[in-house]
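In Swiss-Prot this protein carries:
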- 23-43: transmembrane segment (TRANSMEM)
- 45-65: transmembrane segment (TRANSMEM)
- 93-113: transmembrane segment (TRANSMEM)
- 117-137: transmembrane segment (TRANSMEM)
- 145-165: transmembrane segment (TRANSMEM)
- 171-191: transmembrane segment (TRANSMEM)
- 216-236: transmembrane segment (TRANSMEM)
- 241-261: transmembrane segment (TRANSMEM)
- 277-297: transmembrane segment (TRANSMEM)
Amino acid sequence: MATLLSVRRARWRDYLELTKPKVVVLMLITSLAGMFLATRAGVSWSVLLFGNLGIGLCAGGAAVVNHVVDRRIDALMARTHKRPLAQGRVEPLPALLFALALALLGMVLLLVFTNALTAWLTLASLLGYAVLYTGFLKRATPQNIVIGGLAGAAPPLLGWVAVSGHVSAEPLLLVLIIFAWTPPHFWALAIHRKEEYAKADIPMLPVTHGERYTKLHILLYTLILLAVSLLPYAIHMSGPLYLACALGLGLRFLHWAWVLYRSSRPHAAIGTFKYSIGYLFALFIALLLDHYLLLSL
């Protein structure tokens with residue numbers, strides 16, 4: 001009985017792992033920010049709860065499809081070889097059915113508790129990641145994460161539209177921030193895992209163009225990100241608190257990118273990658289804090 005229960009727990013954990021919960025949580029932080037930034041009043045509990053649940057379920061479904069498509073690649077890479085599908089703990093067909101169930105439930109929640117525009121934009125984001133990026137771009141071009149990054153940048157727009165019911169310039173600016181953040185984030189990881197990507201025949205930029213070229217582009221994109229991150233203040237979407245945070249966080253990110261560009265230290269790339277995660281989290285928290293500070297004035 002104890003053995004049977006441990007197997008069941010492992011299966012439950014395997015299916016949870018397929019949804020990439022840590023990635024989904026970061027996405028939901030940005031969708032939450034989009035929701036709260038969209039209004040001067042409070043967000044209704046139904047939109048807050050079921051809107052984010054729907055977005056999260058669809059994101060989880062897309063992540064499962066990514067695991068299915070990449071299972072052979074994952075088996076070749078040290079970072080991913082222990083994933084459930086790569087090790088055969090979950091079969092592809094049950095995983096795809098699980099992905100379909102997550103996506104359908106997410107779409108139903110969005111249609112019922114938010115609005116049709118949010119649901120269709122979420123579906124477009126899901127298909128962009130699961131089909132366009134995972135199925136084609138990842139194996140086709142070293143610009144895979146630049147082109148495919150738009151799908152991963154959508155959550156703040158989805159959260160905003162869930163509350164407002166329409167697309168406007170402000171949420172598109174939030175999308176632009178994540179879009180500019182994506183290349184330095186993933187290319188830093190790609191440098192750290194260059195040999196693994198080469199072994200799996202994935203044309204990541206460090207594999208196709210070399211580390212020096214990639215480091216230069218990380219530096220350039222970090223400069224672009226710093227400039228883009230100041231636009232919410234420039235258009236009076238945010239105030240001085242956000243400006244100070246964006247400058248501090250952005251300059252620190254630029255420092256990491258410069259160190260990576262100038263240094264051959266083996267841990268510089270993974271250090272840049274880890275900082276980029278904290279950067280995005282802190283930047284969106286700053287947006288929220290500034291928003292409610294402005295409302296209280």
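Cβ atoms here come from the backbone N, Cα and C positions, even for glycine.
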Close approaches to the transmembrane segment (23-43) from elsewhere in its chain (Cβ under 8 angstroms; 6 or more beyond its ends): 51-52, 55-56, 59-60, 63, 152, 155-164, 170-171, 174, 178, 237, 277, 280-281, 284-285, 287-288, 291-292, 295
Same-chain residue ranges lying at least 6 outside the transmembrane segment (145-165) that approach it to Cβ under 8 Å: 27-28, 30-35, 37-39, 43, 47, 51-52, 55, 59, 110, 114-115, 117-118, 121-122, 124-126, 128-129, 132-133, 137-138, 171-172, 174-179, 182-183, 186-187, 284
